[in-house]
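The following features are taken from Swiss-Prot:
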BINDING   GLU116, ASP117, ILE118, VAL119, THR120, THR121, GLY122, LEU123, SER124  5-phospho-alpha-D-ribose 1-diphosphate binding site
BINDING   THR120, ARG148  orotate binding site
Amino acid sequence: MNTDDVLAVFREAGAILEGHFILTSGLRSPVFLQKARVFMHADKTEKLCKALAEKIRAADLGPIDYVVGPAIGGLIPSYETSRHLGVPSVWVERENGVFRLRRFDVPKGARVVIVEDIVTTGLSIRETIDCMKDLGIEVVAAACIVDRSAGKADVGTRLISLAEYEVPAYPADKLPPELAAIPAVKPGSRNI
């Protein structure tokens, strides 16, 4: 599965939106990938996550003990990808603004892959890595359905992406006039 195939799945689901969006990262963009419209369809989710699992396997990372997903956006893709890898899925969630592994016991030294939905700046993955390091858990790689940065985001580890789709993103004070003229909406989940 390549970038065009992934974007075709997003288009079929009506998940590529155009307008003025405030991304989870705080950056502004004329395009928003509304992955919830994809993930509401089990067949589309399975197709994408099975392909991501195959790409993770092909990366020859050695044994993987767990897949870790940052809540909220990483929950569905991490679970479905773990199913195809045949390993347990756990997740981190925010507690006082910091990712914590609250509901699971993952042993020190466990080897994990972090699976995220969409990467723009890599912040959620970096924060998940910090949480894992604090627990003595080894992050062998991160993976995502779509890398909006096209490989430019520093996620703090190797990033395996099913699709690279570079979409412009701007700080709020550096918007092009055509984007500034459109009212902004914030569809992300960072502060939920």
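Just so it is clear, glycine is given a Cβ too, placed from its N, Cα and C backbone atoms.
When the Cα atoms are compared, ARG148 (orotate binding site) and GLU116 (5-phospho-alpha-D-ribose 1-diphosphate binding site) turn out to be 12 Å apart.
Among the listed binding-site residues, namely GLU116, ILE118, SER124, the Cβ with the most fellow Cβ atoms inside 10 Å is that of SER124.
Taken residue by residue with DSSP, ARG148 (orotate binding site) is part of neither helix nor strand, so it is coil. If you draw a 10 Å sphere around the CB of THR120 (5-phospho-alpha-D-ribose 1-diphosphate binding site), it holds 23 other CB atoms from the protein chains shown. A Cβ within 8 Å of the Cβ centre of GLU116, ASP117, ILE118, VAL119, THR120, THR121, GLY122, LEU123, SER124, the residues given for 5-phospho-alpha-D-ribose 1-diphosphate, is found for these other residues of the same chain: THR24, SER25, GLY73, ILE125, CYS144, ARG148, ALA153, VAL155. There are 22 other Cβ atoms within 10 Å of the Cβ belonging to GLY122 (5-phospho-alpha-D-ribose 1-diphosphate binding site).
Note on ARG148 (orotate binding site): other Cβ atoms within 10 Å of its Cβ, all shown chains, come to 26.
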